[in-house]
Amino acid sequence: MKLLVVAVGQRMPDWAQTAWDDYAKRFPPELKLELRAVKTEPRGSKSLETLYAAERERIEGAIAKGMRIVVLDERGTALTTKALAARLQAWQGEGDDVALVIGGPDGLDPAFKAAAHERIRLSDLTLPHAMARVLLVEQLYRAWSVNAGHPYHRE
């Protein structure tokens with residue numbers, strides 16, 4: 001199974017990249033994790049619709065056809081660790097490759113969000129982009145550890 005994280009925004013602080021790399025190397029070979037950063041559309045005097053369209057095109061270009069699309073959205077479904085572990089297990093059981101999408105500073109195109117298979121949120125708090133990436137990869141690893149009976153997650 002492949003987990004693809006598509007994130008709008010390319011430059012992350014060193015600490016965020018270090019944290020991402022640390023968690024990414026922990027995943028087992030049967031659960032391939034990949035990060036694809038896509039360029040943020042410069043705001044300038046462009047309308048929000050123009051920004052959304054440009055970023056949506058880049059996001060869709062990064063996602064292989066047939067992947068389950070899960071967007072991170074502040075209004076998405078809140079999940080516990082166990083619920084995320086159950087989702088991960090279901091995706092694996094169905095043989096789905098999953099693209100998890102993190103929007104840019106202006107969020108994601110509303111039509112793209114509406115067309116996604118699922119919308120989840122990481123927190124009720126507003127998170128900086130770098131923190132969202134790190135939190136997502138940590139929670140995905142934690143979900144895997146719950147399913148694998150690995151001692152990383154403790155109740």
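We number each residue from 1, going along the chain as drawn.
Using N, Cα and C of the backbone, Cβ positions are placed for all residues, glycine too.
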S-adenosyl-L-methionine binding, same site as LEU72, LEU122, SER123, ASP124, LEU125, THR126, LEU127 - Swiss-Prot member from GLY61, GLY93, GLY103, GLY104: GLY103
Of LEU72, LEU122 (the binding-site residues), the residue whose Cβ has the fewest other Cβ atoms within 10 Å: LEU122
The one of GLY103, THR126 whose CB sees the fewest other CB atoms within 10 Å, among these binding-site residues: THR126
Listed binding-site residues (SER123, ASP124, LEU125, LEU127), ranked by Cβ neighbours within 10 Å, top entry: LEU127
